[in-house]
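What TrEMBL annotates here:
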DOMAIN    53-135  domain 'Lipoyl-binding'
MOD_RES   Lys94  N6-lipoyllysine
Amino acid sequence: MWASSTANALKLSSSVSKSHLSPAFSISRCFSTVLEGLKYANSHEWVKHEGSVATIGITDHAQGHLGEVVFVELPEENGSVSKEKSFGAVESVKATSEILSPISGEVIEVNKKLTDSPGLINSSPYEDGWMIKVKPSSLAELESLMGPKEYTKFCEEEDAAH
């Protein structure tokens, strides 16, 4: 019994990716997935930087703590976001939480699917549940974010403190 619980709590999975956001390997700890190739903020948002576009969403860890997401408020396209400032909100059956932007830039696309299907944040936080696409104004802000190992450690420490 203990071995199967431990195996479930710490998984290394390999899968064929059907999305450009999902790398071939991911690390799951305590039932939260942290993906390689993404950057993470201590406010539990992720960033996937590809060329001149950065895709932003909330992490699996964050959606797990929120519970079932029932409503998402997102900014308008062509607006701007600022690092560590609110750009929207996620309402779940447990609470409403602000979403902080991990980087500054111009919003070039908003995930309109979340209006009718906010639960995509729960079922697919790194793929279908992305929130906004931004043209970053500072590459230094991207570099200041955590990598997967640092974010995993951050989450473990944060959860242990609660």
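Using the three backbone atoms N, Cα and C, a Cβ is placed for every residue, glycine included.
Across the domain 'Lipoyl-binding' (53-135), the DSSP tally of helix, strand and coil residues reads 15 helix, 35 strand, 33 coil. Mean predicted confidence for the domain 'Lipoyl-binding' (53-135): the pLDDT average there is 96.
Lys94 (N6-lipoyllysine) has a Cβ environment of 11 other Cβ atoms inside 10 Å.
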